[in-house]
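Chemist: What follows is a single structure, and I will ask about it in a moment.
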């Protein structure tokens, strides 16, 4: 880029250094500004050739500008000026290319760089940047003075002279207005005094405000502490209310647990309520930290003592009840010996069921005493039922044996028997076995075995054709059937009532889970097996006696046992009665099978058809 006739470098303070391109006016000796660049935007100065004299050089701003100086000396002078400004204001930011190091060294004498830098930095710190108005005034002044740009020294001297004239005029004006100055100074002194007074008042006010602030802080702290105290008192009241509501046992309950009457209905009801309240107090879920309170420890100790005391009283009382009831029942056995009946225990069950809730409480709190009480009851009732059942079966055996004594002659004699008597007996058997439900399989087997016996033409152990109607009367067998039915009818309600009582009294009917269901059933079965351990033995003995008296009795017993087993299984298949009668039924079935095997009638006998029809 070719330059105009003239180029200059100007600087403005504080740090605004620009490269300005001016053009000399054709009409006069003044210059006009055409373009300006910030020196900080200058990236590189390229002198083209450091070894040869060449007036051309390049300045790299936003783009490369090519310049041609009027001479090499002018070019070197301009580059040297740029280098000094770079050293002073731009911290050596501009890069100089193809410039001889000798030129740069000559541009700055030894020590000048440090002194200039230091002085300029101090001057820059005190220098204030011109505002827009000041710049306009300076530009206007420079336009009035045409030589301001071409001859800066003359312009500076002129400005200095005018400044001295103005300073003198200013001093004379100040001297002339000394009176006003004195008045102004006096006013300033008064203002300063007033300021001191105001500052003193402000200081006192500040001290007062500081005191008020401290008092307010104390009040705020006190309010905060009061609020915390109220919150803590509320929480403490809630905890105390919780403990009072859930761990306080009334005096009436305490008296009922210590001295309550366990024999009267009102006393039992009071003891039940007191025991439930005690269990609720003992099972309350304490919150963290409650167990460390002395009052809670004392209350828990009181609950433990009340529990142990009442459990001991209840256990002793029920033991006495078991003993007395056992003696009372034993005294009434003589009343039932003449009749084929078993004593009823419903009054005992009714009296003991009043203690069922207390037994449940004992089961939940003192399991050892509960188990001991269960064993005591089983022991007493085992001895009681053993005597009753033994006497009952003795009466039944006597009555069975008595039926044979009324017959004529030996019932096992092999005398001729009329066909009409045998027909009457079979019809009587058929009429007395109207409840044959449940024994169909046994009777079917009997019919099959009877038909095979007819085919095999085997002889019976008791030859019915040779028996006499007077030797083995149908009435005896009918009476035996009634006696056996009476025995089973007495045993069935007795066992069911006792099992139902055990389940209710010892709380063995509650079974929330399957595992507990099996456990409860096992417990009931074990207790029933021990209490009625003599029933199965006595029944087998009675069956053996009946079979010994007349082997044909096995048919009657099979019909009755089948019916009672079927009835018991419909009520509860896993009950003790169903299991026991099922075991006895197996024995009866074996005796019946034996009778069928040994006493099968032949088809040639004249009474075979009626006998088969009876089956």
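Any Cβ shown, glycine's included, is placed from N, Cα and C.
Annotations in TrEMBL come from automatic prediction, not curation.
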Chemist: Would you please say which range out of 416-440, 441-465, 466-490 has the annotation region 'Disordered' in TrEMBL?
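Modeler: Region 'Disordered', as annotated by TrEMBL, spans 416-440.
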Chemist: If you look at how TrEMBL annotates this chain, which of 153-187, 188-222, 223-257, 258-292 comes out as coiled coil?
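Modeler: Of the candidate stretches, TrEMBL labels 188-222 as coiled coil.
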Chemist: Taking the domain 'Exocyst complex component Sec3 PIP2-binding N-terminal' (2-89) alone, what is its mean pLDDT?
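Modeler: Within the domain 'Exocyst complex component Sec3 PIP2-binding N-terminal' (2-89), the model's average pLDDT equals 76.
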